[in-house]
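Please read the structure below before turning to the comments.
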Amino acid sequence: MPGWLRDRLLLAATFTAIFSADLYFILLPKLRRMGQGSRQFCSCGPSNISLPGQGGLATPHLSNWTYVPPLGALTTDSTGSKLGRLFAHPLYNIQTPALGPEEKLLLVEQLMEYYRKKMSRWERLVHGVLFYKNRHLNVTFDPDASWLKFHLGINRYALYSRDDPAVPQLLEDMQGMAVVSADYTQDEKALKGVCDCTQVVKPSGHHLKLALKMHNFAKAMFKPMRQQRDEETPEDVFYFVDLQRHNAEIAAFHLDRVLDFRRVPPVTGRLVNVTGEILQVTHNEDLRAVFFTSPANNTCFFAKCLYVCKTEYAVCGNPNLLEGSLSAYLPGLSIAPRISIPNPWIRSYTFTGREEWEVNPFYCDTIKKLYPYNSGNRLLNIIDMSIFDFLTGNMDRHHYEIFTKFGDEGFILHLDNARGFGKHSHDEMSILAPLSQCCMIKSSTLVRLQLLARPEFRLSDVMRESLKEDPLRPILTEPHLLALDRRLQKVLRVVQRCIRRQGRDEVVTKDFAKSTGKPQTATEMKQTR
């Protein structure tokens, strides 16, 4: 073989060996890493439970419910709004069946007649008792008012529908409606200023809530600011004596809407003039008697209850303006009765006691056998509420309320959320006991939680955007917003552990399963309390 041919063959063999080495040691490992990286985007990691369809999200099994927009129409919001894209997602556009009269809380004729009578009583009060005080309280009844439309929109499934225009209008109206009357709330009046100071838990008064009546006959509950947003609840403070925070009420409404529960009445922030909008419009002498001027020349007031009937418990304007939350009232109990039921996972409201669920990991097995938790959706709704409370950090859920008209199939109202968002640095896992002990969750709840864990939405981001709508923004500090993401991951991990132990079919439950038990009357429900 000629020398030149031998040299060329040797060179070709050398290049072939080099290429083979590059292919085996460099190119193939890169291709493997690329393949592994591409699988990371399928949302199948341990922080997100693997479900088929919709890019890691399952289409929820909702009996008698249907999606409205096609799947290809999601995430087309041209404004770049994560909140807008979230609410455009098919999971947030599920229609209930056509609502019949029995599915609605109130009928138009029934509600209008009720408020015409209330308006007549108010006019007699103004022209009688209040006339000699030279107070001109101009109240008008508007049948098209946003708060009336909100009441008429309450149905078996939620307090309002996703696209109900009355809710944003009501929030806007509450921010500017003229206050014509201020008074104590009904539970405070029931106490008549008497409190048993030997009790650990005081029945009322600690949170200084007031009922404000507006010029168009709307009514809202006012909770004043008691704590700065950057303050955390001290570690040694028990949950049952914690301050109630106005910004927690506001944030809870937005979180409830983002989770698509829609079980919190509309809440907005507002600056209230404590002199012109409370003191000067109240005819309750007990309330007028608790106002005073502080050494800094600020107008202050405190609660009626004896144990906080001191100036150190007062809230003060600056000098008259005081920020607080305004929560829309639900329809009156005489027209829309509600019942308060002890939470099966109620906490011990003593310094040393413990409840059975705190010491018995199989407590839910007993609850599942008891009426009304042995069928229908009540237990699933309790678990929804526990997830909601865990995200806010609210440990003070001793009772829950339902509308009696809807019986066992009605939703649970998420009322009184002011003790949430007190600690951003601590996640109280015991709040999730209903979920971790029962290992059950609604399909729709799970897939929405998974959706909010994805980076293109992210719970903290959509909450930050939603809370910007409130006039008292910022409502939550960044540590509280980031805590929502951390807690959401913990909820998903609890569900994942349940699925590993029991299987998905046992854990993830269809929504709105029909109850097998007979409907319970209001009298029977009271007897089970």
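Cβ coordinates are placed from backbone N, Cα and C, and glycine is handled just like the others.
Remember, TrEMBL labels are computer predictions, not curated facts.
Feature list (source: TrEMBL):
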ACT_SITE  Asp396  active site
BINDING   Lys223, Ser327, Ala328, Tyr329, Leu330, Glu401, Asp416  ATP binding site
BINDING   Asp416  Mn(2+) binding site
DOMAIN    291-508  domain 'FAM20 C-terminal'
Surrounding CB atoms that lie within 10 Å of the CB of Asp396 (active site), all protein chains: 20
Cα separation, the residue listed as 'active site' to Lys223 (ATP binding site) (Å, whole number): 17
ATP site span - longest C-alpha distance across Lys223, Ser327, Ala328, Tyr329, Leu330, Glu401, Asp416, in Å: 20
Euclidean distance between Cα atoms of the residue listed as 'active site' and Leu330 (ATP binding site), Å: 21
Glu401, Asp416 as binding-site residues, winner by CB count within 10 A: Asp416
Chain-internal residues, separated by at least six, CB under 8 A from Ser327 (ATP binding site): Ala220, Met221, Lys223, Glu249, Phe253, Pro265, Pro266, Val267
Other C-beta atoms that fall within 10 angstroms of the C-beta of Leu330 (ATP binding site): 19
C-alpha spacing of the residue listed as 'active site' relative to Asp416 (ATP binding site), in angstrom: 9
Mean predicted confidence [pLDDT] for the domain 'FAM20 C-terminal' (291-508): 92
Between Ala328 (ATP binding site) and the residue listed as 'active site', the C-alpha gap once rounded to whole angstrom: 21
